[in-house]
Structures are given as structure tokens and as C-alpha cells.
Amino acid sequence: MHPLKISQESLETIVSVILRVPALFLIEVWFRTNPHKTIQLHSDDVELIVTAAYYMALVIAVAIATLPLRHLVTFYIYLVCAGLMACAKMVSKAYVSVEKLEHEEELETAGKENITLHAGLSALLEDRKHIERLVLHIFTQVFIAAVVAYLMEIENWVKFTLLAFALPVVARLTGFPVSELHLVHDFATVYTILLILCCIFNNLGIIIDICKEGINVAVVSFRTFGIIPVALTFWRTMALPVQLVLFWGLMFLSQIYVYVYTENLGIWQEGWLVLLLASMGECCATPVSLLALCVAITYASCAILCLTKLYLQGMDAFEHDTMRGWTEGLTMLLIAVQTDLLELKPLQRAFLMSILLFIVLSSLIQSMYEIADPILLALSASHNPSIIRHLKAVTLCTVLWILPLYMTYFICQYFDMDFWLMVIVSSCLLTSVQVIGSLVVYMLFMYDFMRPDPWEKLDDVVYCARALTRVLEFIVAVFVVCFGLKESLIGEWSWINSIILIVHCYFNVWKRLQSGWKSFLLRWEAAKKVESLPLATEQQLAKHDDVCAICYSDMKTACVTPCDHLFHCVCLRKWLYVKETCPMCHRDLANSNEAHSQEVPAPHNDETNEDALHVIEGAARENELHKQDSSDSSSSSSATTEVDIYDADYDEGQLAEADQLM
């Protein structure tokens with residue numbers, strides 16, 4: 001087994017993501033903080049300083065998010081060094097405090113027992129505790145100074161100045177009064193601050209050059225490519241979606257930890273669902289966290305959809321589609337903006353979050369159905385012998401029609417039904433209706449497969465099943481419209497509800513009705529045309545001695561087109577649902593009887609006419625072959641493919657699927 005190897009590019013991406021995530025936390029804190037309310041300001045000077053620091057924090061966050069990786073690493077090195085110096089200050093302060101406390105205790109004990117304390121270095125070195133404290137403090141200060149000098153690449157005498165916080169130890173060894181030891185510590189603190197300011201001042205020119213370079217590159221990029229391409233490139237190269245997902249996940253887990261281990265909040269006792277909703281509501285209180293939540297939903301939806309395809313088809317058909325899941329994420333973002341989610345209080349935000357998650361989950365179930373539906377029908381149409389694959393598809397579809405019903409029942413128990421909730425619930429119910437319709441069609445195909453002879457009425461029965469599904473969808477849409485009209489007339493009227501109602505009437509009622517009626521007329525006209533064609537005699541079938549050009553099956557019965565081509569009646573009828581032309585020569589079959597009487601001469605019994613008829617038939621066949629060679633590949637392939645008959649709109653994928661049905 002080969003060891004796992006990570007490329008340098010992948011390693012740099014991982015490091016870049018980890019180092020930039022703190023910028024998102026800093027921006028989140030910046031949005032949540034109001035300096036005028038958090039800090040009590042007593043003068044204009046203090047207010048000015050606080051305001052400057054407040055906006056400087058935002059500038060630092062933007063710098064962390066946009067700096068190139070090499071500059072970002074340098075920034076973090078300086079930040080770590082500043083943190084180490086802060087640790088050195090804390091160690092020095094602790095040492096001074098302990099020394100002063102012990103000295104006061106010794107004085108108090110000596111005063112009670114009338115004992116004279118011995119001062120000086122010899123007395124200090126006789127106490128083992130003092131020696132251990134001195135050694136530990138000196139070792140800590142030397143270690144911190146060495147690490148800082150190494151990170152900042154200081155090789156001259158300046159690195160010894162980093163031992164400023166070791167001065168309290170030196171002062172203690174030289175007999176400096178313990179009561180005044182804090183003065184030495186304060187001197188070391190002031191000296192270190194001045195040292196840091198000098199370092200910043202020396203590198204100020206480099207910082208300004210980096211900022212100018214970044215601004216110039218951004219301006220040139222915007223002028224050359226435009227804002228949107230540059231933004232998309234930044235989104236991809238900086239792996240910003242991954243940063244947002246990591247940021248929101250950490251914030252969400254930390255919020256759950258706070259709610260669980262903070263006893264006075266009492267949210268844990270309300271149940272895990274309330275805990276999750278409250279945590280999610282608290283983690284989308286700013287534009288940054290809301291965007292991160294939408295991206296996290298996108299990635300979670302993409303993972304679920306990919307796992308759905310993996311579950312149904314296995315590793316062979318698995319393809320990572322990065323565009324999956326964005327519908328759910330964008331839906332969450334649009335509804336959150338429309339409902340002013342950021343302006344609500346935490347409790348109201350948690351309450352609204354349940355509705356938003358219901359909408360997102362409904363959209364996700366619909367996307368899962370769109371993946372499962374063609375796979376389910378392909379299994380039944382292609383007569384796949386794998387029982388496990390059939391069980392997987394049927395089990396998933398069963399879950400997909402039961403889950404929306406349970407969600408609808410659950411949401412109706414907690415909320416009063418209004419127009420908006422009715423629209424949301426209806427979309428969820430439509431998914432259940434569509435999944436049940438697909439399962440019915442699947443069972444019809446499986447029944448046809450188990451029959452000893454083909455089921456000639458399969459086409460009509462499947463059409464009726466799908467038509468019933470469309471009728472149920474239409475009834476649900478009409479019910480929503482009626483409910484909306486009732487709310488507008490009796491309840492509160494609003495422009496938004498009226499616009500939504502009009503859009504719903506047009507797309508979900510009028511378009512469905514128009515599509516269903518068009519599909520019915522196509523079937524009716526195709527059936528009429530096929531019934532008007534004559535049936536082939538036994539002599540014609542024997543003379544043809546070939547399979548049906550549509551389904552490639554033997555022909556025991558067939559109908560004859562005006563251009564003398566033979567097809568199964570059912571196959572030709574399916575073809576005529578899409579095109580009113582012959583599948584072989586593409587001749588118009590609209591006026592079949594007239595064309596047949598005008599173009600096909602009546603046969604005679606004499607040899608001369610028979611020879612002429614053979615010549616005409618040979619020329620016709622050559623003409624057909626020439627037309628087939630000159631036609632495009634899509635037309636040629638569609639001539640030998642059975643078409644789908646159940647929807648008004650047809651495409652190549654449906655034609656290929658219908659070919660499998662035969």
C-alpha cells in the first residue's frame with residue numbers, strides 16, 4: 001500500500017485556508033461589536049482612538065483574507081512573536097508577584113517571631129524554592145527570546161535585547177528591593193513596546209509597498225477583465241467556499257458547546273431539534289455568517305446528492321459534479337434576504353430557521369428525485385437482472401415520497417396555515433406525487449417484463465398513469481390558487497402575495513393545463529394517422545423480410561406508410577408523437593391518403609409494368625439511402641430510436657430512454 005502523498009499545491013491550499021479562516025472570525029466579531037456601546041467613552045480623544053482601532057481591525061481582517069501566502073506567513077510569524085513576547089511579560093509579572101507575596105509573608109512571620117531576616121545573594125541562594133524559581137524563569141525567558149530571534153531571523157546583538165523581561169531576575173540577584181521589583185518589570189514592558197514600535201516603523205515602508213502593489217494589481221485586473229470575472233477568480237483561487245464552510249462549522253460547534261454546557265440558558269432541556277435551530281439561528285446573525293451558512297448548505301446538499309448517485313449506481317457511474325447543491329444554497333440566501341433574517345432577534349431567527357430548512361430540504365428531495373427517476377425507469381426498461389440495484393432504487397424512492405408527507409405533517413402541527421406556507425407545502429406534496437407516479441410506471445414496466453408476451457396496451461396504460469400524476473399536480477396547483485384568492489379576499493391583501501399568486505397561476509396552472517392538452521392532442525392526432533394507414537398483408541411482410549426500423553424487432557403485423565415503409569403500428573404512433581414524417585425517408589405523413597394515391601402507382605400484372613415497378617422501387621431505395629447518408633447524425637439516430645411518449649417536450653435523452661423501453 002502506497003503512502004498518502006500530498007502535492008505541494010494541495011499543501012499550500014490547505015495552509016492558505018487555515019491561515020485565512022481567522023479573518024472571517026475577526027470580521028464576524030467586527031459586525032457583532034459596537035464600540036460605542038461596549039466601551040464607556042468619557043472623552044472625545046478616547047472615542048477617536050476606539051473608533052480608529054475598531055476600523056483598523058477590519059483592515060487587518062481584509063489584509064489577512066487577501067494577502068499572498070508568502071506575505072501572510074510573514075504576518076503570522078510576526079503575530080506569533082508578539083504573542084511570545086506577551087507570554088514573556090506574563091511570566092515576568094507572575095515572578096514579581098510571587099516574590100513580593102513571599103517577601104511580605106516572610107516579613108510578617110519575622111515580625112511575629114522577632115527574627116532578623118538575612119538579605120543578600122547568599123541568603124537568596126540558600127533557599128531551594130528561590131533557586132528553582134530563578135532557574136525556571138531565566139530558562140523560560142531565554143527560550144522565548146531564542147524562538148523570537150529565530151523566527152524573526154535576528155542574528156546581531158539586537159537578539160539579546162529580547163531578554164528584557166529577564167531583568168527582574170537580575171535585579172533580584174543584585175539585591176534590588178523586592179517591594180520595588182515591579183518597577184523593573186514596568187521598565188522591561190515599556191522597553192519591549194518601544195522595540196515593537198521600532199520594528200513596525202522599520203517595516204512600514206515594506207507594508208506600504210505591499211498594499212500599493214495589491215491595490216495596483218486589483219485595479220488593473222478590474223479594468224482588464226471586469227469585476228465579476230475577477231471576483232469569481234478570487235473565489236476559486238482563495239478557496240473561499242472551503243474557508244466559509246470551515247468557519248461556519250467551527251462557529252456552529254462552539255455555539256452548541258455553549259448551549260450544552262451553560263446551565264442558565266436551559267436550551268438543552270428543550271430537545272435536540274430546538275438546540276440545533278437555536279445554534280443555527282445564532283450562527284447567521286451577520287452577512288458573513290449568513291453567507292457561510294448558505295455555502296455550508298450547498299456543500300452538504302452536494303455531498304448528499306453525490307452519495308445518492310453513488311448509492312444507486314456505484315463507483316462506476318460516480319462523477320463529482322461541483323454544480324450540484326447550489327440551488328439549495330441560493331434558495332436559502334434569497335429567502336433569508338427576503339425575510340430580513342439578519343434583522344430579527346435570536347429567538348425569532350431560530351423560529352424562522354425551521355421554515356427555511358423545510359424549504360431547503362424540500363428542494364433537496366426534489367433534486368434527489370431528479371437523480372433517482374431516470375435510473376429507476378432505466379432499470380425497468382432495460383430489464384436489469386441485478387435485484388440489489390432494483391431494491392436500492394425502489395427503497396430510495398419510497399423514502400422520497402414518505403419523507404415529504406412526514407415533513408408536511410410535522411410543519412403543519414407547529415404553524416398556522418397561510419398562503420406562503422401553503423405554497424411551500426404544495427411544492428413538497430408535488431414531489432411525493434411525482435415519486436409515486438414514477439414508482440407506478442416502474443411497476444408497469446416490470447409487469448410487462450414478467451409477461452410471456454409483450455403487452456400491447458403498455459403504452460396507453462403508462463400514459464394514463466402519467467396523466468393521472470399530472471392531474472393530481474394540477475389539482476394541487478389549483479387548490480393553492482383558490483387558497484391564495486381566499487386569503488386575498490378575506491384576509492390581508494398585499495402586492496407581494498398578489499404577484500406570487502399571478503406567477504403561480506401562470507406557471508403551475510395555465511402552463512400545466514396547456515402542456516397536458518397539447519400532449520393529449522398529439523396522441524389523438526397520432527392515433528388517427530396510424531389508424532388511417534393500411535395494414536401490411538402477409539405477402540408484403542414476407543417481401544419486406546426485415547425488422548421494424550424503430551424498435552429492431554420482428555414484425556408479425558405492420559402498417560404501411562404512403563412511401564411503402566413498414567413499421568409496427570405502436571412504434572409508428574410513438575414516432576408520430578414527435579414528428580409527422582416517415583422515420584426512414586422523412587416524407588411528410590400529414591396527408592397520408594392523398595400522398596399515397598398520388599405518388600404510388602397501382603401495380604399491373606404484365607411483365608413490362610412489373611419491370612418498371614422494380615426500377616421505380618430501386619430508385620426509391622437509392623434515394624432513401626442517399627437521404628439517410630446526407631442527413632445529420634441526430635436525425636439518423638433518432639430514426640432508429642423509440643421516442644418517449646409521456647411529456648409534451650422531447651429531447652435526445654428521452655429518445656434514448658424510449659429506445660431502451662423497447
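Cβ atoms are placed via backbone N, Cα and C, with glycine included.
According to TrEMBL, the compositional bias 'Basic and acidic residues' annotation covers 616-630. Residues or ranges marked as domain 'RING-type' in TrEMBL: 548-586. Annotation comment: TrEMBL describes 616-650 as region 'Disordered'. Residues or ranges marked as transmembrane segment in TrEMBL: 13-31, 52-69, 75-92, 134-151, 157-175, 187-208, 214-235, 272-305, 350-369, 389-412, 419-447, 467-485 (among others).
Of the candidate ranges 13-31, 75-92, 187-208, 272-305, 350-369, 13-31 contributes the most Cβ pairs within a distance under 8 Å of the transmembrane segment (52-69). Among the stretches 214-235, 272-305, 350-369, 419-447, the one making the largest number of Cβ pairs under 8 Å with the transmembrane segment (13-31) is 272-305. Residues 274, 277-278, 280-282, 284, 297, 301, 304-305, 308, 324, 327-328, 331-332, 335-336, 339, 341, 344, 396-397, 400, 403-404, 407, 411, 414-415, 421, 424, 427-428, 431, 434-435, 438 of the same chain lie 6+ residues outside the transmembrane segment (350-369) yet bring a C-beta within less than 8 angstroms of a C-beta in it. Outside the transmembrane segment (419-447), and at least 6 residues removed from its termini, the chain residues within Cβ reach (under 8 Å) are 355, 358-359, 362, 365-366, 369, 372-373, 376-377, 379-381, 393-394, 397-398, 400-402, 404-405, 407-408, 411-412, 455, 458, 461-462, 465-466, 468-469, 472-473, 476-477, 479-480, 483-484, 487-488, 497, 500-501, 504, 661.
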